[in-house]
Amino acid sequence: MIRGALSLAGRLRVTLGYGVLLVAVTAILVALGPDVRDDVIAHASTNLHNLRRGHVGTLLGSAFVVDAGSIAIWLPGLLCLLAVAELVWGSARLLIAFVAGHVGATLLVAAGLVAAVRGGWASADIARATDVGMSYRATAVLGALTAAIPTRLRPPWMAWWLGVAVSSVAVAQDFTGVGHALALLLGMAVAARFGAGGRWTGWRVGLLSVGCWFGFLVLANTVPEMAVAVATGALAAAVAGLTAMALRHRSSATRTNEKVSRSMGFDDTPANHRVRQ
């Protein structure tokens, strides 16, 4: 039993290590008081002010400073999401999705904000907005799980999450929602090159269920956002699922017709055409 627990811990070293660091940093900031905590959050934020001053270290440091309420509420969900991704993809590929999604989404959002400020569509005050936490990383990992989902379920899975993300952006109309959508897309894109994931077991499906609930709350964290997200995601998933099913049936019917034609001697493939001399 102990050996099994140690083996599992070894396979979840990124998940457990990140969880321990989050708890440690959060505990230290609470002990130091609200003033110090606010200063740390300001310096760790990946906002335009810090990035313009060359504080690229915030791209890493912001992952360990969280400003999202009580850690006891959201940490279990985050750990379940990271754990199932690490079990399916392995530690190295989890880190790739984790970092690529966060850094990519942060830089793309920053570029969009620069354009918005220069174009007069956003206030210059947004340059100092607080931007720390694990949400971009979490949504990137959620997106990365797409390639590990069984092929038949993949279209509705993708459509559901894209529908949820886009509807949340439409309702909230803030840069954080845009960052979540971008991180989700980047996670999907990165994982497309991961190859086949590990097999799904009961434990992994259980972790995925909790992780998906957590991911949904990250993308849609107000009642209006949730209501619109559920409706949009469900509609998108239904359309994608029915479309994929129709395409499979069409492909199956085509193959069946080809087999019947060949069996009746009507094989029209190029290999059976001969030029008579």
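Backbone N, Cα and C define each Cβ position, glycine as well.
Features reported for this protein in TrEMBL:
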REGION    253-277  region 'Disordered'
TRANSMEM  12-32  transmembrane segment
TRANSMEM  59-82  transmembrane segment
TRANSMEM  94-117  transmembrane segment
TRANSMEM  160-190  transmembrane segment
TRANSMEM  202-220  transmembrane segment
TRANSMEM  226-247  transmembrane segment
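If you count C-beta pairs under 8 angstroms between the transmembrane segment (202-220) and each of 59-82, 94-117, 226-247, the highest count goes to 59-82. Residues 152, 155-164, 166-168, 170-171, 216, 219-220 of the same chain lie 6 or more positions beyond the ends of the transmembrane segment (226-247) yet place their CB under 8 Å from a CB of it.
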